[in-house]
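Student: Mind looking over this structure? Questions follow.
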Amino acid sequence: MQSFFQYRRFRIHLENQYERDREKTAALVQQQRSARHQSLAASAPSTSSSPSSSEEPSRKSSKSPLPDVGGDHRDLEKGEGSPSSSSASPPPRIDGPISSTREKPGAPRDADKAGHSTLPVEPAEPAEELAEPTPQLSRHSTLHTTPSATGTALGIALTGVSVRSRSPARGGKVFVVGYEGLNNPLNPHNWSYATRIFATILMAGIGFVVGVASSIDAEALRPAAAEFGVSEVVESLATGLYLAGFGVGALFAGPFSETLGRNPVYIVTMTLYMIFIMASGLAPNIGAQLAFRFLAGFFGSTPLTCAGGSISDLWSPMERVFAFPVFANAAFTGPVLGPIMGGFIAQSKSVSWRWVEWTTLIMSGLVLGAVVLFQPETYPPVLLRWKAQHLRRITGDSRYVAEVELMGDTLPQRLQRALYRPFVLTFSEPIIILVALYLTVIYIVLFTFLDGYDFIFGEVHGTSQGITGLCFLGIATGLFGASALVPLIYEWAKRDTRKLQEEGKGDRLPPEFRLWFSMLGGSWAIPISLFWMGWYLESLGGECGLRVWDFVRLYFQLPVYHRLVRNFCGFRIGVGHTD
């Protein structure tokens with residue numbers, strides 16, 4: 001719904017820009033042609049008296065001091081077999097519908113009636129390249145000329161449009177649309193802070209609910225295993241297969257978002273994820289439950305995969321220092337709060353253990369409704385494709401295209417190219433595969449705690465199932481404690497940026513800047529926290545070790561995520577776009 005209204009706002013904005021630039025173009029063309037008529041009229045006597053020297057005045061008179069927006073761009077109009085066009089009359093001012101139609105062959109021209117010499121006009125576009133004449137948007141003075149010449153002049157004058165050659169097979173040139181400038185309101189980086197913060201919170205909400213779903217079943221192992229007649233080890237596969245689906249689905253979610261846009265992928269995958277969560281709650285046996293949990297994880301992997309791209313669509317590199325922790329805190333808190341909710345549901349005598357799935361389903365439905373109603377599309381290639389579509393519709397000129405449309409690939413071809421890129425990067429970039437392996441170990445440890453806490457605090461310390469779940473709040477404490485250092489990192493980044501600017505090296509920090517926190521924090525603190533946890537197992541002091549563990553978990557993942565966004569954004573595999 002929000003994307004629908006956003007699409008309409010694009011149309012209104014472009015219509016206003018079109019009117020503004022069209023009037024400017026009309027004035028320039030009219031002024032230029034008037035100057036040429038005067039120059040030709042002044043050179044007519046000298047031409048008749050001195051034929052041998054007629055070429056020199058003509059050359060001089062053709063050089064107008066005004067910007068040439070309509071007469072010297074014949075190559076833009078040429079296609080394969082483009083016919084030559086006859087001349088057009090100087091455009092009068094009118095109020096009413098735009099009359100930019102082709103002149104009938106053999107019809108008398110105003111210029112001929114007035115005794116003026118005819119002027120050359122760009123050859124018309126081939127029939128397959130031209131659409132209907134430019135439609136009227138409002139009652140402003142316009143030009144009587146061929147639609148091809150008007151389209152060329154307007155295409156050159158429109159801000160945010162560049163001239164580019166077509167493919168060699170087609171020939172000619174096209175108008176590639178872009179943003180009007182650094183402050184263009186259509187660029188997500190220039191949206192208001194309120195809009196960008198709200199969009200980031202919605203993405204964080206998606207990450208939170210799929211994180212809750214990953215761990216909420218862990219505290220309902222005993223009643224679920226008893227109902228299905230299996231051991232708790234077998235029932236724990238419900239959590240393990242959900243995470244396996246996460247890993248497999250991530251390979252597809254990113255490429256689809258880079259091909260279709262962010263919102264379609266968020267909405268479709270969230271809907272399918274909810275369907276399989278509901279099916280898991282209704283599962284009649286262990287086999288059905290495990291299959292549905294895997295599929296729920298497969299479609300629930302979208303936010304953790306695509307959020308990096310969405311955040312980089314909205315925020316500049318410096319602003320991401322604050323934006324990424326907002327999402328990370330929500331996404332990482334979900335698996336921590338899931339066992340707390342699941343523990344109290346599982347020990348309740350009034351509701352079934354299946355309410356762990358119904359609770360997840362209700363929360364996910366609320367978030368999905370907010371995403372459908374309020375989440376804007378943020379992916380720049382999709383936004384520019386919308387802009388090109390609107391310009392083609394407004395002008396009737398098929399030469400307006402977005403960057404992604406230049407290649408002319410079909411949707412299956414684009415998807416195929418996008419789907420193999422994650423595998424290419426994984427096996428060709430050592431940093432990616434090493435980080436992936438290390439993050440795998442971290443998540444194995446995290447979800448091992450989901451089962452280990454029942455033993456550590458339930459059997460060793462004798463706490464109830466609900467109170468055992470509350471022990472996960474220690475992990476959340478470390479998570480939020482790590483976020484408190486974000487302002488300090490931001491100041492360090494600004495300091496180093498100023499230093500680079502003073503040295504004349506630009507304003508882009510090297511990607512390695514963000515890895516210091518992983519190297520100095522996460523690499524040594526994670527094993528220390530695990531040693532602390534094991535040493536003080538028989539006392540509650542082990543809880544402090546987990547706080548340190550999640551503190552450094554955040555400080556390992558976020559810097560690595562930043563570095564991947566900065567280094568590999570050009571590959572467009574879900575991590576964002578080039579700034």
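Every residue, even glycine, has its Cβ placed from backbone N, Cα and C.
So TrEMBL says this about it:
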- 39-55: compositional bias 'Low complexity' (COMPBIAS)
- 70-80: compositional bias 'Basic and acidic residues' (COMPBIAS)
- 101-115: compositional bias 'Basic and acidic residues' (COMPBIAS)
- 136-149: compositional bias 'Polar residues' (COMPBIAS)
- 199-579: domain 'Major facilitator superfamily (MFS) profile' (DOMAIN)
- 18-149: region 'Disordered' (REGION)
- 197-216: transmembrane segment (TRANSMEM)
- 236-253: transmembrane segment (TRANSMEM)
- 265-284: transmembrane segment (TRANSMEM)
- 290-309: transmembrane segment (TRANSMEM)
- 321-346: transmembrane segment (TRANSMEM)
- 358-375: transmembrane segment (TRANSMEM)
- 423-446: transmembrane segment (TRANSMEM)
- 466-490: transmembrane segment (TRANSMEM)
- 515-537: transmembrane segment (TRANSMEM)
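Give me the structural setting of these features: burial, nearby parts and distances.
Tutor: Beyond the ends of the transmembrane segment (197-216), by six or more residues, the same chain brings 239, 242-243, 246, 266, 270, 273, 277, 296-297, 300-304, 307, 310-311, 314-315, 323, 326-327, 329-339, 341-342, 345, 356, 359-360, 363-364, 367, 370-371, 374-376, 378, 447, 450 to within a C-beta distance below 8 angstroms of the stretch.
Residues of the same chain lying 6 or more positions beyond the ends of the transmembrane segment (236-253) and with a Cβ under 8 Å from any Cβ of it are 213-215, 217-218, 221, 224, 265, 269, 280, 289-290, 293-302, 304-306, 419, 422-423, 443, 447, 450-451, 574.
Residues 206, 210, 213, 238, 249, 253, 256-257, 292-293, 295-296, 299-303, 306, 354, 357-358, 360-361, 364-365, 367-368, 371-372, 375 of the same chain lie 6 or more positions beyond the ends of the transmembrane segment (265-284) yet place their CB under 8 Å from a CB of it.
The list of residues near the transmembrane segment (290-309) in space but at least 6 beyond its ends in sequence, with Cβ under 8 angstroms from a Cβ of it, reads 203-204, 206-207, 210, 213-214, 217, 237-239, 241-250, 253-254, 257-258, 262, 265-266, 269-270, 272-273, 276-277, 279-280, 283, 324, 327, 331, 379, 561, 564-565, 574-577.
Within the same chain, residues 1-3, 198-199, 202-203, 205-206, 208-210, 212-213, 216, 263, 266-267, 270-271, 273-274, 277-278, 281, 341, 345 sit at least 6 positions outside the transmembrane segment (358-375) and bring their C-beta atoms closer than 8 Å to a C-beta of that stretch.
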